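**Student:** Starting off with a structure, shown below.
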Amino acid sequence: LTVGNQSTGATFTLLGFSEYPDLQVPLFTMFLAIYMVTVVGNLGMIVIIRINPKLHTPMYFFLSHLSFVDFCYSTIVTPKLLENLVVGDRTISFTGCIMQFFLASIFATAETFILAVMAYDRFVAVCNPLLYTVVMSSKTCASLVAGPCAWGIVTSLTLTYFLLALSFCGSTIINNFVCEHSVIVSVSCSDPYISQVLCFVIAMFNEVSSLVIILTTYIFIFITVIKMPSDGGCQKAFSTCASHLTTITIFHGTVLFLYCVPHSKTFWLIVKVGSVLYIVVIPMLNLLIYNLRNKDVKETARKL
């Protein structure tokens, strides 16, 4: 594949929230605070899980990787968003834009399937507690994390390859704060049909397959829980799944909302707000949801 000089020399301008000049400083302050909590919290979570032997379980193994993915995903996009809120020059090079999309796509896909893997982990813990340590061996856990990451790389490489096949002429304006697939193809000089169809097929496959895994596992969990003779067992089982269910609801709810936004006058504003929630806020929420409900994590954090 050869990329034409027109494309490699193209410069993108990320409009971000520039149409609201009075909100630039408040938005910068808010996003910076969220990003600092995300970075310190997620890296701290990884350290806490590593140093506390009580947390050396499959559930926390997956949680540490979720924290790593959230940290990477937020770090790929948020610093550029913060820069654009305080600097007049909102341009990003063609290479920078494509790299941002490529990396963000890997971690977004990885997160989608890591959440599905965590649902399977809860299914084994609740439905087959006696076989839990056998089924969720170290080798299995490593494979269940490697799979989503490998699939994220494959899909991201595929989509990026077809983006590079498009032509981009001169200076192009992107009405968002992130180099996301739909906004990149919208400013292309050539026909983006194949790239758009491919992106839609991959996105639908990722969303539907991960939701099928999650819904199936939780149906089995619900059936197992209602058959439990003691109320204590039911309460413990629901408590085990509550954090994960909350995370899934917020994550997939935002994704499905972005897919279903109708094209209207407020379309781009809604997409921007949804993207902020998806890219900037959710990595922090995941952290808070799991931390606030966990005594062992809070105890280790206090000792640190």
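Positions of Cβ are set from backbone N, Cα and C atoms, glycine also.
Sharing the feature lines straight out of TrEMBL:
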TRANSMEM  27-48  transmembrane segment
DOMAIN    41-290  domain 'G-protein coupled receptors family 1 profile'
TRANSMEM  60-78  transmembrane segment
TRANSMEM  98-120  transmembrane segment
TRANSMEM  141-174  transmembrane segment
TRANSMEM  194-225  transmembrane segment
TRANSMEM  237-261  transmembrane segment
TRANSMEM  267-289  transmembrane segment
**Student:** Should the transmembrane segment (98-120) and the transmembrane segment (194-225) be scored as in contact, given a threshold of at least 3 Cβ pairs under 8 Å and pairs 6 or more apart?
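**Tutor:** Contact criterion met.
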**Student:** Can at least 3 Cβ pairs under 8 A be found between the transmembrane segment (267-289) and the transmembrane segment (27-48), with each pair 6 or more apart in sequence?
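**Tutor:** In this chain the transmembrane segment (267-289) contacts the transmembrane segment (27-48) - 3 or more Cβ pairs sit under 8 Å.
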**Student:** Averaged across the domain 'G-protein coupled receptors family 1 profile' (41-290), what pLDDT does the model get? Just tell me the whole number, please.
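**Tutor:** Here the predicted model's pLDDT, averaged over the domain 'G-protein coupled receptors family 1 profile' (41-290), is 87.
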